[in-house]
Amino acid sequence: MTIRIAINGFGRIGRNVLRALYESGRQTQMRVVAINELAAAEGMAHLLQYDTCHGRFAWSVRQQDDWLWIGDDRIRLLHRPQIADLPWEALQVDVVLECSGVYGSRADGEAHLLAGAGKVLFSHPGGHDLDATVVYGVNQESLLAEHRIVSNASCTTNCIIPVIKLLDDAFAIESGAVTTIHSSMNDQQVIDAYHPDLRRTRAASHSIIPVDTKLAAGIARVLPQFRDRFEAISVRVPTLNVTAIDLSVSVRTPVRVEQVNHLLQKAASTAFHGIVDYTELPLVSTDFNHDPHSAIVDGTQTRVSGRHLIKTLVWCDNEWGFANRMLDTTLAMARAVSNAS
């Protein structure tokens, strides 16, 4: 049975989810029946078709009034500011992909359910009272049929947690620290302008800008054994897309660089195939643009100090990789229902 999807919020993640659905060939498994976005329909169609990061969409795109066609597939366009006014019941929506970045509480999820949706998947971390937080490849098998309000965590959480789990299973992590080197985002300024965070008042293209991150809390939410054992900081850098994560962990088992790289390279071709990739090529951030993996380990940058301190560099396309995981988790939510019946 084809899963009927609605996308609420057609920004960076919403558009990339729709593009990824077609580029991955999964539109027979999932069908987008509606998109709710306050912007004009003409702009929605234009930005879907032409993207500075990811290039021109390979599928034909046509828009007329409040309808969008991708090839022969027709999608209804809505422009409603209140969740309660969305016609999810009439459209028989199975899963709402909540990509607005505005909503993240259980009450917000329940509003979608009251509007008639079967389930809700947030494209960002939500409150502790959600039914589940999923990092695909690590804990999607814990999804139950009764889990109706789910978070897909964050792009950086999806990037680093598979690597942390692999290192912990093999070498027993005691503690860790993470530095996220993240591309500029749309909550920053093109030129100096007001923002509640004084660092984000500054022009994104001219500075490396430290910002707050809840990544350590996100790690603990999915891997609770690491509560109070990880710290994280984040800086935004003046690039358009792709993020690097510097991960340092202290482990109980004495290790060497070769052992760490062997572990991660093997996982990329076996248990974490399609989620984690591994490279030893002399690549830079732009080379990972449009990469669908959650994490790409750069084996040339692995270091071990004193046999017990491991440092790794992990890349991710913070848009495209995460968009693909949104689709994976949507299918996992549907499988949980199917397995229970």
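Quick reminder: no glycine exception, Cβ is built from N, Cα and C everywhere.
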Same substrate site per Swiss-Prot - residue from ARG148, ARG227, ARG229, ARG236 joining SER154, CYS155, THR156, ARG200, THR213, LYS214 = ARG236
Say Swiss-Prot lists ARG12, ILE13 as binding NAD(+): which of ASN289, ASN318 is in the same site, per that record?
-> ASN318
Within 8 Å of the Cβ centroid of ARG12, ILE13, ASN318, the other same-chain residues by Cβ around the recorded NAD(+) site are GLY11, ASN16, SER123, CYS155, GLU319, PHE322, ALA323
For LYS214 (substrate binding site), nearby residues of its own chain (Cβ under 8 Å, 6 or more apart in sequence) | PRO125
Check the Cα-Cα distances from THR156 (substrate binding site) to the recorded positions ARG12, ILE13, HIS182 and tell me which is shortest.
-> HIS182
Local backbone state of LYS214 (substrate binding site), from DSSP in three classes = coil
Under 8 Å by Cβ from ARG200 (substrate binding site), counting only residues of that chain that are 6 or more apart | ASP187, GLN188, GLN189, ILE209, VAL211
For the substrate site made of SER154, CYS155, THR156, ARG200, THR213, LYS214, ARG236, how many Å separate the two farthest Cα atoms?
-> 20
Distance check against SER154 (substrate binding site) for the recorded positions ARG12, ILE13, HIS182, keeping those with Cα within 10 Å | none
